[in-house]
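As structure tokens, the structure follows; a few thoughts come after it.
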Amino acid sequence: MLRVDRPARAAGRDGVADMTMQDGTGQAETASPFASRALTDLWRRQGRSLATSESVHKTLREAILQQILGPGTRLAEEDLAGGFGISRTPVREAILRLEAEGLAERSSGRTAYVTEISPREIVEIYEVRGAIDGLSAELAATRIEPPALSGLEWTNQQMREAGEQGDFVTMARLNLEFHEQLATASGNAFLLQMLIAVHDRVRRFPGTTFAHGDRWREAVEEHDALLTALRSRDAEASARLARAHMNRSRDVRIATLDD
């Protein structure tokens, strides 16, 4: 059985439940993701259409984004290679790519770990989100067509209904759709591409900000205000409201690290 260990840390740190246990030697262990077959199933779904190193990279990257491999998880080449039934070379290549992407890092030794989530990372990602959404809203204010505006209104209404039912998972999915619709309405394809790339990084953050206090309702109301500015074709107000929305989301996300 493949072991992928995570260093022990205080319960609740980074919003991730502490699943460590002692192995009798004083060393902390974590139940392997392979015990629930989550990582194995993800690996099998990659098929053989990709080169082995590409398949390993895609599998590990998706496992990190889905939080199958949480922050601090040890990525031992030998153990991963054994679990996947391949040589260590493609695993090493995949881990190097994860390091280049900022999803893995080396400790003082040679072993790599899934990068911890820090307030600094959250600030930097939401700075980019604010820039993307601000420009998307500014451009959309003068370019959006009635069907696209109606689509944004419908998505936000669906978010409201999901929030009222306490279905924050669905609400988070709809929120991504809302912001992708906004980027599409900007008429700038590169903005949409950049937004999707940033969304991938946000996926590894634990939980959802919508479950934090009354944030779900605030977010819907912030969307409402943005929609009003878009209807008025007010580019300046649209950009300002979109950036403020991201700043508020950033602050709540940082607060959830201590929950």
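For all residues, glycine too, the Cβ spot is worked out from N, Cα and C.
As annotated by TrEMBL, compositional bias 'Basic and acidic residues' applies to 1-16. The region 'Disordered' annotation in TrEMBL covers 1-32. If you look up TrEMBL, you'll see 50-117 marked as domain 'HTH gntR-type'.
According to DSSP, the domain 'HTH gntR-type' (50-117) comprises 35 helix, 8 strand, 25 coil. A mean pLDDT of 88 is what the model gives for the domain 'HTH gntR-type' (50-117).
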